[in-house]
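Taken straight from TrEMBL:
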- 10-212: domain 'YjeF N-terminal' (DOMAIN)
- 63-67, 126-132, 155, 285, 339, 385, 457: (6S)-NADPHX binding site (BINDING)
- 64, 122, 158: K(+) binding site (BINDING)
- 250-514: domain 'YjeF C-terminal' (DOMAIN)
- 427, 428, 429, 430, 431, 456: AMP binding site (BINDING)
Ligand SMILES: NC(=O)C1=CN([C@@H]2O[C@H](COP(=O)(O)OP(=O)(O)OC[C@H]3O[C@@H](n4cnc5c(N)ncnc54)[C@H](O)[C@@H]3O)[C@@H](O)[C@H]2O)[C@@H](O)CC1
Ligand SMILES: Nc1ncnc2c1ncn2[C@@H]1O[C@H](COP(=O)(O)OP(=O)(O)O)[C@@H](O)[C@H]1O
Ligand SMILES: [K+]
């Protein structure tokens with residue numbers, strides 16, 4: 001599992017560690033890791049070596065600038081030609097600047113340095129950043145963007161809010177982000193995540209910390225039981241610390257959660273999912289949701305609704321009926337809503353599914369109807385896109401636009417989960433799945449090619465099947481998003497447009513890659 005910690009937690013952990021270590025130790029650890037990554041990038045790219053390479057440090061007024069200046073000093077000692085732009089000269093990190101000058105680096109105010117640099121180190125602002133980037137930084141950020149330099153963000157790209165991933169103004173587009181101690185939520189959630197490039201965690205020893213964090217949660221080395229430092233798989237899981245607010249499933253986590261039949265299994269024991277979707281007007285949603293559910297690890301799929309004929313024609317494996325959920329026979333979970341329309345019959349289907357006493361996934365039209373209730377059963381899974389999230393928020397008295405929801409996905413997903421008292425999967429460029437409490441999951445797979453009509457119906461059929469197979473709403477939602485995203489990537493090969501049916505067709509291969517070692521997450 002990849003984990004990210006909020007700023008308040010990071011500061012508490014760092015504070016504890018700083019108190020025990022000689023002054024400046026943490027910053028030197030950070031700068032050493034940063035310089036090593038920069039040296040590697042210079043050797044791998046243009047110019048192919050550190051010696052005589054051109055490095056520009058953008059140094060803000062805090063410790064983030066200090067990290068960048070000390071790393072610049074290390075590169076200068078290895079023969080790089082290092083220049084530093086001081087964005088707030090009166091408040092620059094004095095020790096970092098002195099080290100850079102002593103190593104042969106120089107201060108510059110020539111913007112052309114940004115355009116001709118081989119590597120730019122973004123030390124403008126780190127976890128202390130708030131609000132849009134200040135004006136003094138903007139010409140440097142623009143110039144670095146125009147040039148051919150590899151841009152390395154220190155801790156996180158400046159301009160990205162560390163806790164939410166919101167980008168309230170201009171921000172640095174990094175090729176690589178070197179982040180210290182643990183991921184920050186803003187590196188895993190869009191829009192921030194799309195500014196971070198490849199994220200490389202550097203261990204600064206936060207795993208040595210034990211005790212109480214700022215929020216009262218224990219700071220420990222986590223469930224692995226590993227003593228002391230717990231760096232595992234340096235490129236994916238920086239530290240196994242408790243108190244994280246965001247996590248992202250990795251392939252091995254998905255493998256452990258996927259349902260698998262055993263010798264005792266029969267089709268009923270594997271779970272049966274009910275799908276109440278589609279209408280005379282929108283039969284396609286039913287066909288797509290049922291098709292995906294058939295690949296979701298259950299023993300059978302029941303369909304209840306007006307598109308029964310179309311469903312059975314497309315999927316002879318499905319058990320179909322034209323009545324509502326109440327008349328459909330036993331299932332272990334319901335999916336209600338895709339293509340249902342919003343008439344009286346649809347309303348009845350939603351009521352019956354909600355009253356069935358099994359976990360319910362509510363999507364699309366079902367969400368608009370649910371918004372009128374303003375509450376959901378605790379084992380429900382709601383799967384809105386931003387527009388449906390706006391309607392659900394209105395149902396609990398919160399006014400927001402879909403642009404606001406997209407800008408602060410974590411916050412609004414959590415607000416919905418708390419307001420409705422259940423699990424929410426917020427779709428979009430970074431899918432977020434969260435309950436009212438505990439860490440939120442962000443999906444690491446996916447591609448913008450998934451934004452195609454019917455794609456959401458595939459996701460809800462798949463997630464409903466996983467619910468019926470016995471996964472919790474949080475696991476069902478996050479595993480479904482992972483498989484759906486991976487299937488979308490496989491179907492599109494990265495840049496070929498896909499139709500929703502092609503996502504379903506790729507689900508078996510996505511499942512295969514997820515349940516075997518060999519890696520699937522990009
Ligand atoms: N606390 C620690 O022990 C460690 C901190 N480290 C580094 O220190 C950073 C945090 O340092 P600080 O707490 O000094 O904070 P930052 O350096 O992230 O930012 C604070 C400074 O930036 C200015 N600022 C805030 N928002 C801004 C904006 N939107 N545009 C421009 N300037 C803005 C503030 O006026 C303040 O002077 C981390 O991100 C990391 O890089 C590392 O050295 C590791 C150890
Ligand atoms: N920019 C994007 N990047 C990645 N995935 C996206 C993006 N936009 C949408 N998606 C995904 O595509 C799917 C679209 O679902 P939805 O909006 O319900 O479409 P529909 O109702 O047409 O089926 C969701 O899984 C969503 O997370
Ligand atoms: K930065």
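In case you wondered, yes, glycine gets a Cβ from its N, Cα and C as well.
The Cβ of 429 has fewer other Cβ atoms within 10 Å than any other of the binding-site residues 64, 158, 429, 431. Counting only same-chain residues six or more apart in sequence, the Cβ atoms lying under 8 angstroms from the Cβ of residue 428 (AMP binding site) belong to 190, 385, 386, 406, 409. Mapped onto three states, the DSSP output places residue 431 (AMP binding site) in coil.
Residue 122 (K(+) binding site) counts 33 other C-beta atoms within 10 Å of its own C-beta, drawing on all protein chains shown. Compute the center of the Cβ atoms of 64, 122, 158, which mark the site for K(+); besides them, the chain residues with Cβ within 8 Å of that center are 58, 60, 65, 68, 123, 124, 125, 126, 129, 153, 154, 155, 156, 157, 172.
Closeness to ligand 2 is met by 429, 456, these being the binding-site residues among 429, 430, 456 whose Cβ falls under 6 Å from the molecule.
When each of the binding-site residues 385, 427 is scored by how many other Cβ atoms sit within 10 Å of its Cβ, 385 comes out lowest. Checking each of the binding-site residues 122, 427, 431 against residue 155 ((6S)-NADPHX binding site) by C-alpha distance, the shortest gap belongs to 122. Mean pLDDT for the domain 'YjeF C-terminal' (250-514) in this predicted model: 97. Within 10 Å of its Cβ, the residue among the binding-site residues 63, 130 with the fewest other Cβ atoms is 130. The shortest Cα-Cα distance between residue 430 (AMP binding site) and any of the binding-site residues 63, 64, 66 is the one to 64. Summary of the AMP site environment: with the site residues 427, 428, 429, 430, 431, 456 set aside, the chain residues having Cβ atoms within 8 Å of the Cβ mean position are 385, 409, 426, 432, 443, 446, 450, 481. Secondary structure from DSSP puts residue 64 (K(+) binding site) in a helix. With a cut-off of 6 Å between Cβ and the nearest atom of ligand 3, the binding-site residues 63, 66, 130 reduce to an empty set. Residue 456 (AMP binding site) carries a helical DSSP state (H, G or I). Under the DSSP three-state reduction, residue 122 (K(+) binding site) is assigned to strand.
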